[in-house]
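All remarks here apply to the structure that follows.
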Amino acid sequence: FQFFWLSLNVWLFGKTFLLYKQGLQYYYLHQMLGLGLCVSRASASVLNLNCCLVLLPMCRVLLAFLRGSQKVASKKTRRLLDKSKTFHVTCGVTICIFSVLHVAAHLVNALNFSENYNEEFVTLNAANYRGEDPRKLLFATVPGLTGVIMVLVLFLMCTASTYAIRVSNYDIFWYTHSLFFVFYMLLMLHVSGGVLKYQTNLEEHPPGCFNPNKTLRQNLTVPKAFEELFPDYTTEPFPEDLPVPEPFVQNSFMRVCSEEPKFQSHFPETWFWISGPLCLYCVERLYRYIRSNKPVTITSVISHPSNVLEVRMMKDDFEARPGQYVILHCPRVSALESHPFTLTMCPTDTKATFGVHLKVVGDWTERFRDLLLLHSNQDTEILPIFQQRRYPKLYVDGPFGSPFEESLNYEVSLCVAGGIGVTPFASILNTLLDGWKCYKLRRLYFIWVCRDIESFRWFADLLCMLHNKLWQENRPDYINIQLYLSQTDGIQKIIGEKYQALNSRLLIGRPRWKLLFDDIAKCNRRKTIGVFCCGPNKISKILHKLSNSSNSYGTRFEYNKESFS
């Protein structure tokens, strides 16, 4: 997809480049600026498109609305919506690439405006005189100064978006990305300068035409045809009522001008491109603020092994589907920062409680844990805490859609989790525990890979309850559970009567993915299987590759990966 989008933008760049190079209305400006004009305007057209579209994937409410099965009937279309984050990143990379071209072209243009100052077309010049310092055009004009500031803002946003910075210090990524609003305000000012102009009177003054008045005033040689027609003409104005012979106009090597060229600045087309998406995004942000301005009621906090915290909450009129996620904002932790977490428990008709599991791995989650728990150091026992008065205010924005909503819409689904990546599937398992017959899903392969045995205890009770329920309903083949342990330390801790159903499904080592896919394809011939993954990139790449490979059983695998948009 990234290659296709980049190719499309290169094509747009090429078409716009030729338009400005061959367009008659840009003849005189092209004579002054050369290829700098074509490159700057062609890159600007690409930037307009991408600055328009880069905001749409961030309209989470709109995507959640469209992703609903009743809004978009086609599964393929809904799967395209799941690529929203990839599209956002692709547009961002495209903006960076063509911004470099745009800046380089305008640096050349500033130099050409100064060196190629044209006294005949004063209005066409951006410089005030020949030899003017090009730095004045960059730092003493509205388009130049706003362009410089936008380059600095874009540089901060791009560098802070790299994987290394996002992992080491997410706060830097969050705060620099919040500068996007400043970037768009500067962009609207940037295009209002009207530096580049086009000719408006092409009929009256075709580019390269002959102007007898100007020619005689400048003591230039007059064509012989005019000398024969007007032998006594010297410095008087060209008679307007005297027609020029038609044969000369039609057959001569040049046309005659009837007036001087007139130039006009382009209307800021960027406003048309970005005003719609920007207004849509602002309206959505306002709606989300109104929807989430009331804090939730925290009913319980549970400390799980391996630094995992479970928070259960209640909120009026809160509805969510299995697989969706919410954004948590705790002002006492950070005034502006918020983070997405997948719902592990969704509200139903019989209970209004919903919850999330979060891994304590960063500054935000550590401060959040310390505020929720009475003591920062908890043992490995599951510990409910009921001191409600100690809980800080917590705001929930959402829910928002994710690819895992589709897991119940396949007849066969393969769900693969790595460590804390099991959270998207917890709400799905909880939903199946409440009732599975109303969904299209008839067989679920659940693969969970963890490093240590304690991690399995997060949802061990849930897995055992679902397993027992399906056995009681005579559907033991409905779910196939495989738990893989990469480290063997402490394996004896899970052996016991309580988790007997899981003990027989616990395997040491890592899954042999190729054999696993072949076995699933053999058991589900000529069916379409949804593959859902939430875990390390290494596992994700392997599953993606295997899903795209063919097999001899006619089974088709459709790959989906968790991606918070």
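From the backbone N, Cα and C atoms, a Cβ is placed for every residue, glycine too.
Here is what TrEMBL says about this protein:
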type     : residues : note
TRANSMEM : 42-66    : transmembrane segment
TRANSMEM : 87-108   : transmembrane segment
TRANSMEM : 137-160  : transmembrane segment
TRANSMEM : 172-191  : transmembrane segment
DOMAIN   : 291-406  : domain 'FAD-binding FR-type'
Stretch in 87-108, 137-160, 172-191 most in contact with the transmembrane segment (42-66), if contact is a CB pair under 8 A: 87-108
Outside the transmembrane segment (172-191), six or more residues from its ends: residues with CB under 8 Å to it: 51, 142-143, 146-147, 149-150, 153-154, 156-157, 160-161, 165-166, 268-271, 274, 278, 336-337
Stretch-averaged pLDDT - the domain 'FAD-binding FR-type' (291-406): 80
